[in-house]
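What TrEMBL records for this protein is below:
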type	residues	note
DOMAIN	696-754	domain 'CBS'
TRANSMEM	81-102	transmembrane segment
TRANSMEM	130-151	transmembrane segment
TRANSMEM	181-198	transmembrane segment
TRANSMEM	242-264	transmembrane segment
TRANSMEM	276-299	transmembrane segment
TRANSMEM	331-353	transmembrane segment
TRANSMEM	368-388	transmembrane segment
TRANSMEM	442-461	transmembrane segment
TRANSMEM	467-489	transmembrane segment
TRANSMEM	501-525	transmembrane segment
TRANSMEM	531-552	transmembrane segment
Amino acid sequence: QLTPSSFLRIGQLSNVDLNEDVHELETELPRQHPNEIPHNEKLLSLKYESLDYDNSENQLFLEEERRINHAAFRTVEIKRWVICAMIGILTGLVACFIDIVVENLAGLKYRVVKGNIDKFTEKGGLSFSLLLWATLNASVVMVGSVIVAFIEPVAAGSGIPQIKCYLNGVKIPHVVRLKTLVIKVCGVILSVVGGLAVGKEGPMIHSGAVIAAGISQGRSTSLKRDFKIFEYFRRDTEKRDFVSAGAAAGVSAAFGAPVGGVLFSLEEGASFWNQFLTWRIFFASMISTFTLNSVLSVYHGNGWDLSSPGLINFGRFDNEKMGYTIQEIPIFIFMGVVGGILGALFNALNYWLTMFRIRYIHRPCLQVVEAMLVAAVTATVGFVMIYCSRDCQPIQGSTVAYPLQLFCADGEYNSMATAFFNTPEKSVVNLFHDPPGSYNPMTLGMFTLMYFFLACWTYGLTVSAGVFIPSLLIGAAWGRLFGISLSYLTKSSIWADPGKYALMGAAAQLGGIVRMTLSLTVIMMEATGNVTYGFPIMLVLMTAKIVGDYFVEGLYDMHIQLQSVPFLHWEAPVTSHSLTAREVMSTPVTCLRRIERVGTVVDILSDTSSNHNGFPVVESNPDTTQVAGLRGLILRSQLIVLLKHKVFVERANLSLVQRRLKLKDFRDAYPRFPPIQSIHVSQDERECMIDLSEFMNPSPYTVPQEASLPRVFKLFRALGLRHLVVVDNRNEVVGMVTRKDLARYRLGKEGLEELSLAQT
């Protein structure tokens, strides 16, 4: 355990050489904004709490469950289906909104810039066009970055790491609030319109999760409105199940891949899973992609033709010209290796960049400036590349949205411009489907190189944006390049269509960066609408994951680790059998007696040094001969509700308590329980007694202190626990295992390492 003095020493642990003396650093720390925040990835943050996924089966809960008859249970089940349908519909509508707004704003921007470039190409002075483009980009991104940095910092990035943590059972502050959703949606629109190397697909997952968390509660705490519906679902257990449905609906709206969405929730998220949940989640995903499809079809003016199932459509891949032969399998595997290596490089660069950002760019104004810089640089790079490119293609028969002529002959367009002068989604589809010969290998090579570094620099900026599309775009570019060079080398037409290699390259690059396997295979298959490619895509993704994992971990896991979140993986570290519960647990434990003085409870809750959330309840016999055995477990939030309603023994005897406390009182206080400081307890009330018998959970999960770490871990992870009491053979409480005690141990390069805990 860390002593207070070691908190000051964390500055020394930081693995950057601090030139000045450490004593100077200690005097500087209390100042509001130090120039450097020492950050060490070998820490676990204590600011994250677990979700109470496990129901507290106290007497109130059991009485309510016994009162509910079979018909009422059926109503609850119907409500669950209704909520899932609503999640699907709303997620689809949010996706439509993002798509339509982005299309119109980006179209407007590109038309303005294109008119400007066409005007200045004839009379000279193209630098004005560059200035116009860069200024437009930077100003749009500035707005998008300001709202994220100053209003809701949680909305930065793609939101997938945060949702992954939430489904893992970590409560991340503000992650599923309405404000986050609004900022997220506006931020995504602005960052995509601002021409950054980002996609709008990742944030859809976060948006879906927020929508789910909001609807399932039947009220909005941000807007202070309570609709008095769905009150049964106001607890972490139900909320987390609905959030996994929302995340799945988000994936399915983004890619038009309902099955992929379900598998994403399974693979990335939920630690506790049941069969009914799968079916409901699939229902939500289907509804979401259907809603998006019908609204967008009506918007595009063909109401009966459902042709746009997702935000990104890779278009149809025809089997005739796109089949693959058995001798291409090794080539695909080789592409997987390349994707894994490039993905690992991307992640390693992004890791160093993020460490730099955490240390030096931690003020909101600096973050906004950096985002504007990246936007201006992106526009400049694009302009210079288009300007220097001499790769001209005939206009007829091509499907370019904004053909730039520049220095090409009449009736031709600059092919570098199709890659840069476009939203990334359109560029990906062009790389997949443009006929052979549309791109010069030099163009593709330069584009890949530039876009790789731009995308790497952009991920982790203070804007809402996903990494899915940029990685697909990088992969599609080098995949297409690979296909072209193959046909050069072999002089045969069997490798004719580079689009197929663009698809494999895109899969390899995305797999190498985010390291998803199952869900990504299915998403790619559903997005291309082609099952023939299932096998090669699976091979490519597996190879990319194996090769990438050899170097560094996936991008999302890396960002979770950089934020010091106590994340529990599927299994305990392999070499941890030597550790037992006795070595892992936290001691000493603050226990409460079954009938306890109110003053004691208030003091324990107000003690800032021990911010515990669960207290074992022991037998309150004054008789010393009897063992103080474990009788139950009570949560901080329950104690606060008891104090707020002043449920004391004396008042009950004087019949001052109007009615017995019901579960509804606990649910109404959820999810933002008042802090203990806001509850006033008078001096006389401190002397009262409080009886915890009917509010505590009388059957908490316990383990003996000899249990091995993997066994403790398995129990904790599979049941989604928050507290696990460790007892000795006389049933006395000897310790408590929480999430931080288990997440502390992880496999490093040298074997099992133990992380230290810090308040940051």
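The backbone N, Cα and C atoms fix where each Cβ goes, and this holds for glycine too.
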What residues elsewhere in the chain lie close to the transmembrane segment (130-151), defined as a C-beta under 8 angstroms and at least 6 residues from its ends?
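Contacts of the transmembrane segment (130-151) (Cβ under 8 Å, skipping residues fewer than 6 from its ends): 109, 112-113, 116, 179, 183, 186-187, 189-191, 193-196, 364-365, 367-368, 371-376, 378-380, 382-383, 461-464.
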Tally the residues of the domain 'CBS' (696-754) by DSSP class, grouping H, G and I as helix, E and B as strand, and everything else as coil.
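The composition, in the requested order, is 16 helix, 21 strand, 22 coil.
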Could you tell me whether the transmembrane segment (501-525) and the transmembrane segment (276-299) are in contact, taking contact to mean 3+ Cβ pairs under 8 Å with a sequence separation of 6 or more?
no
Where, among 81-102, 242-264, 368-388, 501-525, 531-552, do we find the most CB pairs under 8 A to the transmembrane segment (331-353)?
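Result: 531-552.
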How about the transmembrane segment (501-525) and the transmembrane segment (242-264): do they have 3 or more C-beta pairs under 8 A, pairs 6 or more apart in sequence?
yes
Please tell me whether the transmembrane segment (181-198) and the transmembrane segment (81-102) touch - that is, whether there are at least 3 C-beta pairs under 8 Å between them, with each pair 6 or more apart in sequence.
yes
For the transmembrane segment (531-552), what are the same-chain contacts with Cβ under 8 Å, counting residues 6+ beyond its ends?
317, 319, 322-324, 328-329, 332-333, 335-337, 339-341, 343-344, 347-348, 351, 503-504, 507-509, 511-513, 515-517, 520-521, 524-525, 558
For the domain 'CBS' (696-754), what's the mean pLDDT in this predicted model?
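In the predicted model, the domain 'CBS' (696-754) has a mean pLDDT of 88.
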Using a Cβ-Cβ cut-off of under 8 Å, list the residues of the same chain that are 6+ residues beyond the ends of the transmembrane segment (242-264) and lie near it.
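Distal contacts: 83-84, 87-88, 91-92, 94-95, 163, 166-167, 176, 200-202, 204-213, 215-216, 233, 270, 277-278, 280-282, 284-289, 291-293, 308-313, 468, 516, 518-520, 522-523, 525-527.
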